[in-house]
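Annotations per TrEMBL:
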{"type": "ACT_SITE", "residues": "E114", "note": "active site, proton acceptor"}
{"type": "ACT_SITE", "residues": "C358", "note": "active site, S-methylcysteine intermediate"}
{"type": "BINDING", "residues": "C134, C138, C141", "note": "[4Fe-4S] cluster binding site"}
{"type": "BINDING", "residues": "G184, E185, S216, S239, L240, H241, N315", "note": "S-adenosyl-L-methionine binding site"}
{"type": "DOMAIN", "residues": "120-353", "note": "domain 'Radical SAM core'"}
Amino acid sequence: MFTKAGVIVEKEVTTLENKQEQKEIPSIYSLRIEELEAWLKGNDEPKFRANQIFEWLYSKRISTFEEMTNVSKGLQEKLANAFTLTTLKTIVKQESKDGTIKFLFELHDGYSIETVLMRHDYGNSVCVTTQVGCRIGCTFCASTLGGLKRNLEAGEIVAQVVNVQKALDEKGERVSHVVIMGIGEPFDNYDNMLSFLKIINHDKALNIGARHITVSTSGIIPKIYAFADEQLQINFALSLHAPNTELRSKLMPINRAYKLPDLMEAIRYYIKKTGRRVSFEYGLFGGENDSVMHAEELAALIKGIKCHVNLIPVNYVPERNYVRTPKDQIFEFERTLKKHGINVTIRREHGSDIDAACGQLRAKERKEETK
Ligand code: SF4
């Protein structure tokens, strides 16, 4: 560990080539409690053991099955044969002056993922990754460099929160919020993402309230309908980033497959079905989508929709050509939306002195994965 200009950095150098092929064993963190109960039943063990096991996993946050001292040796062995206790190896840990901590974790097969802890007045929020890489290809995003390598299983997403919680245990603090906005498109790994939500929300697991969880999508329309039908009380965000089809297709190629008018219809369905408002994420890219004219167009697009707009001044991503919108112009954009009665905030920057934008740290440290 060394300290550099207020940034604490921990780093262990390993590369994908170092890694051996490893046997695929499911993670115990992928199981919902009812799935664990069913597994216990199938292995001639009483159902109540599920509560005990969950307590060891999520309250005591053990690292080996042998630590489950009120569970018989026989059951410990059965668990160890059937499941892994997913451990994520910390390759890099960067800490910003504002308290943001960015982790680059290594998975069992050598791939790497990013997880970020952000400090807010209202609590500690963890931004999780759902895929190794991403195939959506948003032009402003470093996470999509090198494409999609694989989906994460639910337990690998859960383990990110558990790992961050372990880091907070030392400070006597708790993870209170989770945002699914890290590397990957959550709706492109829909079933695992849904299991993840249900596990972290469960009171015997991490007990993170539904209203403290936010999932964000680039706009995979069929999954928006499916998610609406789940009728969860989770916060839902759409990465919109453009007020018209042409510009959105330029910034986000997914818009060619799932067009803006159809997307807005899906959003309306979501609101009708859940009664919840949605958040529109709007990254401001200098000279691209950040003029008053764009703000007017955006106001017209979302008129009458129960929503909130999050304006995100973009961080400069070296691999891409977008530049930052000047401060005055950001405020002007905000004022224009407010004039139309739209709820809008400018997102506070987290970790501006570290590799803050999604995918940047991985792109820098793991060039072989992101080529
Ligand atoms: S912004 Fe999200 S959906 Fe788009 S490429 Fe990046 S990770 Fe994928």
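Glycine is treated like the rest: Cβ placed from N, Cα and C.
Just so you know, TrEMBL annotations are computer predictions that nobody has curated.
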Anything from the binding-site residues C134, C138, E185, S216 with its Cβ under 6 A from ligand 1? List those in sequence order.
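Once distances to ligand 1 are taken from each Cβ, C134, C138, E185 fall under 6 Å.
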Can you tell which of C138, L240 has the most other C-beta atoms within 10 Å, given these are the binding-site residues?
L240
Could you check which of the recorded positions (E114, C134, C138, C141) sits closest to E185 (S-adenosyl-L-methionine binding site), going Cα to Cα?
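That would be C134, the closest of E114, C134, C138, C141 to E185 (S-adenosyl-L-methionine binding site).
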Taking the Cα atoms as reference points, how far is the residue listed as 'active site, proton acceptor' from C141 ([4Fe-4S] cluster binding site) in Å?
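Spelling it out, the Cα of the residue listed as 'active site, proton acceptor' and the Cα of C141 ([4Fe-4S] cluster binding site) are 14 Å apart.
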G184 (S-adenosyl-L-methionine binding site) has how many other Cβ neighbours within 10 Å of its own Cβ?
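Within a 10 Å radius of the Cβ of G184 (S-adenosyl-L-methionine binding site) lie 30 other Cβ atoms.
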Measure from the Cα of C134 ([4Fe-4S] cluster binding site) to the Cα of every one of the binding-site residues G184, S216, L240, H241, N315, then give the nearest.
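Closest by Cα distance to C134 ([4Fe-4S] cluster binding site) among the binding-site residues G184, S216, L240, H241, N315: G184.
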Where does E185 (S-adenosyl-L-methionine binding site) sit in the DSSP three-state scheme?
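DSSP assigns E185 (S-adenosyl-L-methionine binding site) to coil.
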Per 10 Å Cβ neighbour count, which of the binding-site residues S216, S239, N315 ranks highest?
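Per the Cβ count within 10 Å, the most buried is S239.
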At the Cα level, what's the spacing in Å between C138 ([4Fe-4S] cluster binding site) and S216 (S-adenosyl-L-methionine binding site), rounded?
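Counting only the Cα atoms, the answer is 14 Å.
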Output, ordered by sequence, the same-chain residues six or more apart from H241 (S-adenosyl-L-methionine binding site) with a CB under 8 Å from its CB, or 'none'.
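Listed in sequence order: C138, F140, R248, L251, M252, E281, Y282, G283, F285, N289.
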Taking G184, E185, S216, S239, L240, H241, N315 as the record's S-adenosyl-L-methionine-binding set, what's the max Cα pairwise distance in Å, rounded to a whole number?
20
